[in-house]
Amino acid sequence: NQSWLDHFYLQGFASIENYKIGLFFIFLSTYLLTLFGNMIIVLVVCLHVNLHTPMYFFITNLSFLEIWYISLTVPKLLAMLLTNNKRVSFHWCFAQLYMFHGLGMTECALLAVMSFDRYLAICDPLRYKSIMNDRLCKGLSLISWSYGFTSATIPVSFAIILPFCGPRYIDHYFCDFAPLLKLACINTSLNNIVNICVMGFAIVFNFIIIKIMYINIIHSIMRMKTITRRIKAISTCSSHITVVMLFYSTGFSVYASPKGLHSVNYDKMFALVYAMFTPLLNPIIYSLRNKEVKIALRRSFKLI
C-alpha cells in the first residue's frame, strides 16, 4: 500500500538509550561551545580592522556556516534525548535535508576558495592584494553559497516526490538521504545515481581544486631560500589544511565509501564528527594557531 506520510520518527541512538542523560549534557556542551566559538570569531573579525583581509573574510563565512550547520541537527537531537519526542513532520524533514546538504556543499566550495586564497598569498604575494580585492572576495563567497544550495536542490527535488509507504522510522538522528530512501515504496536507483553524481561532484571537484592549489603551494615553498620564509608560509595554511583533512576524511567515510561496507551506527558516529565536532574544532584551530586572532581576542577582552 502506497501512502503519503505526513511525519517520520527519528530513531537516533537507540542502542545507547541508557546513557541518554550523559549524552544530552555532552551534546549540549558541544553545541553551546560551538555557537560561542564561532560567534566570537565572527565578532572579532568584524570589530578589528587589521583582520579585514581576504583570509579572515572567508573564515567568517565558514564560522557563520558552522553556526547554521550544527543548529540544524543538534537541537532536535537534544530534544529527543530529553523528552523522547522523535517525531518530525514531512516538510521539516525535507527542509532539514535540503539545508544540511546545501551547507555541506557550500563548505566544500568555501574550502576550495580558501585554498585559492592561500595559493595566491604564497605563490604570488606581490599581486595578492590587487587580485584578492573586496569585489572578488564577495563574488567568490556568493558563488560558493549559491553553488551549494543550488546543487542541493537537485537530489532533494528527486527525493521529495517519492511515495513513502513506511515504516515511518528513519534510522538516524537527522533526515539524511540514505536512511530516508529506504522508506520509499519504489525503486530508488535513480535517486542514488543522482545523489552520487551531485554530491560526488561537489566533493571530488572541490577536493581536486584544493589538491592542485597545495601542489603549487608546496612547490613554491620548496623553492624558498630561507627556512624562516618556509615556516611562515607553512603556518599561513596549516589551519586550513587541518580543517580540510578533518572535513573530507569524515565526509568520504560516510558518503564516498561503498554502501553495505559498514553498519548504520558507523555512519551515525561519523556523522556526529562532521556535523557536530568539526564545527566545534574549526574556531579552535583558526584561533589557537593564529597569532593575529589571539592578539585581537586579547584586545577585545581588555575592552570588556
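Quick reminder: no glycine exception, Cβ is built from N, Cα and C everywhere.
Residues or ranges marked as domain 'G-protein coupled receptors family 1 profile' by TrEMBL: 37-286.
What TrEMBL lists as transmembrane segment is 23-49 (among others).
Residues or ranges marked as transmembrane segment in TrEMBL: 56-78 (among others).
The transmembrane segment feature in TrEMBL is assigned to 98-121 (among others).
Annotated transmembrane segment per TrEMBL: 142-164 (among others), in sequence order. Through the fold, the transmembrane segment (142-164) approaches residues 2-5, 61, 94, 97-98, 101-110, 113, 177, 180-181, 183-186, 188, 190-191, 194-195, 198-199, 201-202 of its own chain, all at least 6 residues removed from its boundaries and within a Cβ separation under 8 Å.
Long-range neighbours of the transmembrane segment (193-214) within the same chain, counting only residues 6 or more positions beyond its ends whose Cβ lies under 8 Å from a Cβ of the stretch, are 101, 104-105, 108-109, 111-112, 115-116, 118-119, 148, 151-152, 154-155, 158, 177, 237, 241, 244, 248, 251-252, 255-256. According to TrEMBL, the transmembrane segment annotation covers 193-214 (among others).
Marked as transmembrane segment by TrEMBL: 234-257 (among others).
Listed by sequence, the residues of this chain that lie at least six past the ends of the transmembrane segment (269-288) yet keep a Cβ under 8 A from its Cβ atoms are 27, 30-31, 33-34, 37-38, 40-41, 59, 62-63, 66-67, 69-70, 73-74, 100, 172-174, 176, 239, 242-243, 246-247, 250-251, 253-254, 294, 297. Per TrEMBL, transmembrane segment is recorded for 269-288 (among others).
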Mind checking which residues reach the transmembrane segment (98-121)? Cβ under 8 Å, same chain, six or more beyond either end.
54-55, 58-59, 61-62, 65, 68-69, 72-73, 127-128, 131-132, 140-141, 143-145, 147-149, 151-153, 155-156, 174-177, 199, 202-203, 206-207, 209-210, 213-214, 216-217, 236-237, 240, 243-244, 247, 251, 275
What mean pLDDT score does the domain 'G-protein coupled receptors family 1 profile' (37-286) have in the model?
87
